[in-house]
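Heads up, the thing below is written out as structure tokens.
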DNA sequence: GCGACAG
DNA sequence: ATCTTGTCGC
């Protein structure tokens, strides 16, 4: 496990953060199909918080895309870098996520984020941001529709409907388990929407959420618990 | 102006 | 995200 510092020049206000998004958005690559589903490696990233102690823990878990077996994993712990503000989630999660990715012993391949990419008020969500910063292909799978609208997809697994920002399709509501609430998929960087959905289905053989995010979620919670129970914290009592 | 709002 | 036990069901 590694420790993270808040990067120099990291936005301190919402206004600065929005300016960063507006500047980086132009670097998003949307015309690449991305790696074929079921091949190479797929990495899940997620973050857990202890706002009380101002601690954040991130995890990156690399899976073999064909077998979904864990190939490598890494965690990072640090200080919370930004408050939670809808639309600015990336500024809260990215420093720790970058550190976890850096700590991996192998290339991450495609990165699956817990949240949105293009489906974002300024079309630059967490997955887009992480993609532009790392150059890696990224996509976002969110559990909630945020401010967007959608029609309920058919009940069968694989069914989907457009996720809409007014008239604009910013992602898809994708059914990963028959009869269960869909997930909300959007493109991050260097991946097509069709491919993003195909990857999401390949990663959900048994549960609603991708194996990548399930693994990363479990790991970052463990890391947070360890950081909160570790020697340096116990001494404070 | 007020409320809603990924995690 | 996080606070949180038991409980219904495959």
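Residue 1 is the first one shown; counting continues down the chain.
Cβ coordinates come from backbone N, Cα and C, glycine included.
Please treat TrEMBL annotations as automatic predictions, because they have not gone through curation.
Remember, it's a predicted structure, so these values are computed and weren't measured experimentally.
Residue A:46 (Mg(2+) binding site) falls within a strand segment according to DSSP. With a cut-off of 8 Å between CB atoms and residues at least 6 apart in sequence, the same chain places A:58, A:59, A:114, A:213, A:216, A:217, A:219, A:220 near residue A:46 (Mg(2+) binding site), listed in sequence order. The annotation Mg(2+) binding site is assigned in TrEMBL to A:46, A:114.
As annotated by TrEMBL, site 'Interaction with target DNA' applies to A:84. In sequence order, A:92 constitute the residues six or more apart from residue A:84 (site 'Interaction with target DNA') in its chain with CB-CB distances below 8 Å.
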